[in-house]
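S.K.: Handing you a structure now.
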Amino acid sequence: MPTAQLLLLACLLWGLEARTAQLRKANDRSGRCQYIFSVASPNESSCPEQGQAMSAIQDLQRDLESTKARLSSLEGLLHQLTLGQAAGPSESQEGLHRELGTLRKEREQLETQARELEVAYSNLLRDKSALEEEKRRLGEENEDLAQRLEHSSQEVARLRRGQCPQAHSSSQDVPAGSREVSKWNVETVNFQELKSELTEVPASRILKESPSGHPRNEEGDSGCGELVWVGEPLTLRTAETITGKYGVWMRDPKPTYPHTRETTWRIDTVGTDIRQVFEYELASQFLQGYPSKVHVLPRPLESTGAVVYRGSLYFQGAGSGTVVRYELTAETVKAEREIPGAGYHGQFPYSWGGYTDIDLAVDETGLWVIYSTQEAKGAIVLSKLNPETLELEQTWETNIRKQSVANAFVICGHLYTISSYSSPDATVNFAYDTGTGRSRVLSIPFKNRYKYSSMIDYNPLEKKLFAWDNFNMVTYDIRLSKM
């Protein structure tokens with residue numbers, strides 16, 4: 001009983017403290033008195049059912065498992081940290097330094113690439129500006145060329161109305177093969193390629209006249225002597241297309257009908273199949289660049305060694321050591337002759353090259369051929385040719401190496417050579433006398449005004465040197481001593 005009282009007293013005190021306890025008294029079924037007290041749950045508003053309690057327990061278990069997992073993770077981290085501290089701080093610092101160095105290198109590489117891209121972009125902008133400027137300049141040049149072309153077309157039309165009809169009247173005598181080539185139209189591509197920049201030179205300066213009104217040096221007046229002086233070059237015209245960089249132009253020192261001393265022939269020698277020979281009946285037509293006729297050779301020629309003499313064109317056949325005689329009026333080949341042992345196609349050229357192995361020349365005494373052979377070991381060989389049959393009448397072997405000189409020509413039976421094809425201040429450096437068989441050193445100034453003389457020939461009728469200097473057709477006055 002005292003125990004029950006104490007229990008009751010404790011419950012009362014706890015109930016008073018909790019302020020939610022309730023005490024009630026009642027008889028049970030047997031009539032015994034029972035004391036019953038209740039206390040409110042501090043967390044739950046109502047008593048959970050059995051299923052809810054199980055769910056709560058499962059939630060607690062999951063929380064506990066999660067807590068255990070986190071605790072295990074923390075223990076693992078603590079273990080790793082402990083191992084790292086045991087290994088010493090230096091290794092960790094070194095690893096960090098290495099990683100930091102790698103990152104710095106990558107940053108420097110990225111910065112370098114950025115700078116290079118900026119420079120490339122700047123260069124592109126500059127190139128773009130330069131291209132735009134070039135485009136503008138080319139547009140202006142195109143407009144200027146169009147104006148010049150229009151002016152040239154008008155000039156051609158004017159000349160056709162005035163000066164050129166006589167060229168058509170003579171075409172009846174031309175064979176059919178050449179008649180087709182001789183029909184020039186201002187709109188054709190061939191005609192446009194023949195356009196040239198003209199240098200106005202009075203005809204009186206080209207064909208100097210004596211007081212009687214006739215040109216000097218008529219046939220029978222040999223005027224022979226040794227070369228002592230060469231004047232400044234006089235430019236007659238300039239070829240416009242690339243085919244005119246090298247070439248040969250000539251007049252016949254002994255013209256035959258229907259050609260005159262004014263008739264001029266021109267050949268552009270850039271190319272592999274050189275067959276066209278442009279004929280200009282008048283000196284004015286040559287200066288203006290309007291051919292009166294175009295010959296098409298039956299076989300191609302090679303290099304710049306051709307000459308015209310007594311109505312025939314003499315030239316070296318391409319890829320051979322053969323000299324060909326082509327009669328200009330009949331437009332047929334009259335003779336061919338292989339020069340014995342002569343080098344060709346680059347074996348013994350002049351110093352500028354150009355397959356100038358065989359070079360023909362004309363002087364007061366007739367027709368010559370300049371070449372070399374294996375037997376002569378590259379020295380110049382000079383032979384006199386029969387102009388009809390091309391037989392060698394006489395031959396001289398000199399001691400002048402052909403590849404050491406730029407060009408050669410013959411005056412009054414004397415062979416003269418030029419020291420350089422490109423130097424503005426070249427010289428006539430050697431002379432060989434066929435009369436004595438001796439050579440001598442000279443130092444006569446010779447001007448290569450345009451620095452690429454590919455052809456130099458002597459015209460005994462006009463007493464001038466004709467030359468082709470880097471697209472330009474020029475002449476040189478000369479002075480000969482008295483024999």
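A Cβ is built for glycine as well, from the same backbone N, Cα and C atoms used for every other residue.
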S.K.: Looking at Swiss-Prot, which one of CYS33, CYS47, CYS412 makes a disulfide with CYS224?
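M.R.: In Swiss-Prot, CYS224 forms its recorded disulfide with CYS412.
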S.K.: Can you pick which of ASP268, ASP273, ASP357, ASP359 Swiss-Prot lists for the same Ca(2+) site as ASN407, ALA408, ILE456, ASP457?
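M.R.: Same Ca(2+) site in Swiss-Prot: ASP359.
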S.K.: Whole-number Å distance between the CA of ALA408 (Ca(2+) binding site) and the CA of CYS224 (disulfide bond)?
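M.R.: Roughly 18 Å, rounded to the nearest whole number.
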S.K.: In the structure shown, which of the recorded positions CYS224, ALA408, CYS412, ILE456 has the fewest Cβ neighbours within 10 Å?
M.R.: CYS224
S.K.: If the Ca(2+) site is taken as the center of the Cβ atoms of ASP359, ASN407, ALA408, ILE456, ASP457, which further residues of that chain fall within 8 Å of it by their Cβ?
M.R.: GLY305, TYR350, ALA361, ILE370, PHE409, ILE418, MET455
S.K.: If you count Cβ atoms within 10 Å of the Cβ of ASN407 (Ca(2+) binding site), leaving out that atom itself, what do you get?
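M.R.: Its Cβ shell of radius 10 Å holds 27 other Cβ atoms.
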S.K.: Long-range neighbours only, meaning 6 or more apart in sequence with Cβ under 8 Å: which ones does ASP359 (Ca(2+) binding site) have?
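M.R.: Set apart from ASP359 (Ca(2+) binding site) by at least 6 residues yet with Cβ under 8 Å, we have SER303, THR304, GLY305, TYR350, VAL369, ILE370, TYR371, ASN407, ALA408.
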S.K.: Sorry to bug you, but what's the C-alpha spacing from ILE456 (Ca(2+) binding site) to CYS412 (disulfide bond), rounded to the closest Å?
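M.R.: Spelling it out, the Cα of CYS412 (disulfide bond) and the Cα of ILE456 (Ca(2+) binding site) are 16 Å apart.
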